[in-house]
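Asks: First the structure, then my questions, so here it is.
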């Protein structure tokens, strides 16, 4: 009979979720939001199922609810595994500094302001602290999905946003570790709590170091071999995920930490995108179970009582968090457009916010009224920010037209936007000493020069046109007018990037000059059809510039 109840409950959850997903597609609303609505309809509103004990404290769940609880926890582990898979360090390496500064600055300012507002609204210090932390983080799932749909993953604001999310997620790990430490059994007095916290953070360090070692030294070769066998790649990845979950629990940590770090380890490998595609369907099922169960825990009377403070906190998230990020990113030298789009992209709370609320409930630190507040804020900010991201270009044009950001002193024409309509120009990649001298001399001789580098400090004082970007991304080359250039020069000391530039030049039919910084790279560059190899050891700068001009005139 219990099995029948479980199947009936699960069936109702799937049917309701499927029905609402049709609406989600029509309204371009994230599926997470509709899953929570499905839970609201099934339990508090219509009373079709009873999920009152299936969330937050699975040890006390019985029968069908015990199975549902297990499936919801499995779903959130897979969700965080996927979140980790999206956070490739390679993707954000050229914006790492701005991501770290903006991320830590935004976390500090948002948490402080969120705590103050929550406390003023009448919440206790513990509740205000939970709300402040929940408001601080943004949704990796929503951001990666919508930015990917807009094909802006490799744009400046896309990479900065992902970098900020990485910083936020690392801070979340610390928060989850703290909760695991204070939520352990026997933590009633200060000494026991301090000991539990020390054990938890020691375990976190072990897990983090282990993940880094795995990513760099252990996983690459086995997974490169397994990538040729799709079934094996999937099974090995899931084995790593749940093995990390077991390791985290054995160290007294939240299992979500293990799943997230396992995903991050695999994100650094070349097979990450294939894994994301293969795991998507499996993950979606368990994610639906988790968020439907979460929605079922919301008591409408409690949600109604907290509606006003929840709306005020949602307004804070949608307005204050973007303003903080716009200010920080613009101060780091990025344009008004990049700063604005980065801020708006992160104007929601995170799936981690729900997990923190669940852990807070299971440890008895917060009640269901705080879960209701976080759920209302999550629903409203995820829905609103989704529409803002979808219409991001239109929104920026309106803000720019009305000069709404002028009070922040944001530079509208930062170096990254100089290349919009160039043609018949010379692109010089890499503003090292050689690149700068070539750029300066060609500019002085009347050539239209576009200088590209990943370091804003190397391009901002040039008299010629300049652009901030990593040429490994095709979008950067497109923005530079690569196919309209009459010559491309790379002075980089990076073999793979030079080979990529040479390949794209060959495909576009644009003459290419590349720095042959070592004899070992010459053969590969010649095979790629490089027009001229720079040998700085044999030719002076004047000769090099003359040779570049000769090529340009041919």
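Each Cβ is built from the backbone N, Cα and C atoms, and glycine gets one as well.
Remember, predicted model here, so these are calculated numbers, not experimental data.
Marked as transmembrane segment by TrEMBL: 6-24, 31-55, 67-87, 99-122, 128-148, 160-180, 200-219, 231-251, 283-301, 307-330, 342-364, 370-390. Annotation source TrEMBL lists domain 'Cation/H+ exchanger transmembrane' at 20-385. Among the features that TrEMBL reports, domain 'RCK N-terminal' is placed at 426-534.
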Asks: Using DSSP, what is the helix/strand/coil residue split across the domain 'RCK N-terminal' (426-534)?
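Replies: Going through the domain 'RCK N-terminal' (426-534) residue by residue, I get 48 helix, 24 strand, 37 coil.
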Asks: Under 8 angstroms for C-beta pairs, at least 3 of them, ignoring pairs fewer than 6 apart in sequence. Is the transmembrane segment (99-122) in contact with the transmembrane segment (160-180) by that rule?
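Replies: Answer yes, regions in contact.
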Asks: Sequence-remote contacts (6 or more beyond its ends) of the transmembrane segment (160-180), Cβ cut-off under 8 Å?
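Replies: Same-chain contacts beyond the flanks: 83-84, 86-87, 89, 91-92, 95-96, 98-100, 102-104, 106-107, 133, 136-138, 140, 143-144, 147, 153, 197, 200-201, 203-204, 208, 252-254, 256-257, 260-261, 325, 329, 334, 338, 342, 345-346, 350, 352, 355-356, 359-360, 363, 365.
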Asks: Any residues 6+ beyond the ends of the transmembrane segment (370-390) with a Cβ under 8 Å from its own?
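Replies: Sequence-distant neighbours of the transmembrane segment (370-390): 28-30, 32-33, 36-37, 123, 127, 130-131, 134-135, 139, 142-143, 146-147, 150, 294-295, 297-299, 302-303, 306-307, 309-311, 313-314, 317-318, 344-345, 347-349, 353-354, 357-358, 360-361.
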Asks: Using a Cβ cut-off under 8 Å, which residues of the same chain at least 6 positions beyond either end of the transmembrane segment (231-251) come close to it?
Replies: 77-78, 81, 199-200, 202-204, 206-207, 210-211, 219, 222-223, 257-259, 261-263, 265-266, 271, 274-275, 278-279
Asks: Any contact between the transmembrane segment (67-87) and the transmembrane segment (200-219), i.e. 3 or more CB pairs below 8 Å with pairs at least 6 residues apart?
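Replies: Counting Cβ pairs under 8 Å (6 or more apart in sequence), the transmembrane segment (67-87) does not reach the transmembrane segment (200-219), since there are fewer than 3.
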Asks: Across the whole of the domain 'RCK N-terminal' (426-534), what does the mean pLDDT come to? Round it, please.
Replies: 86
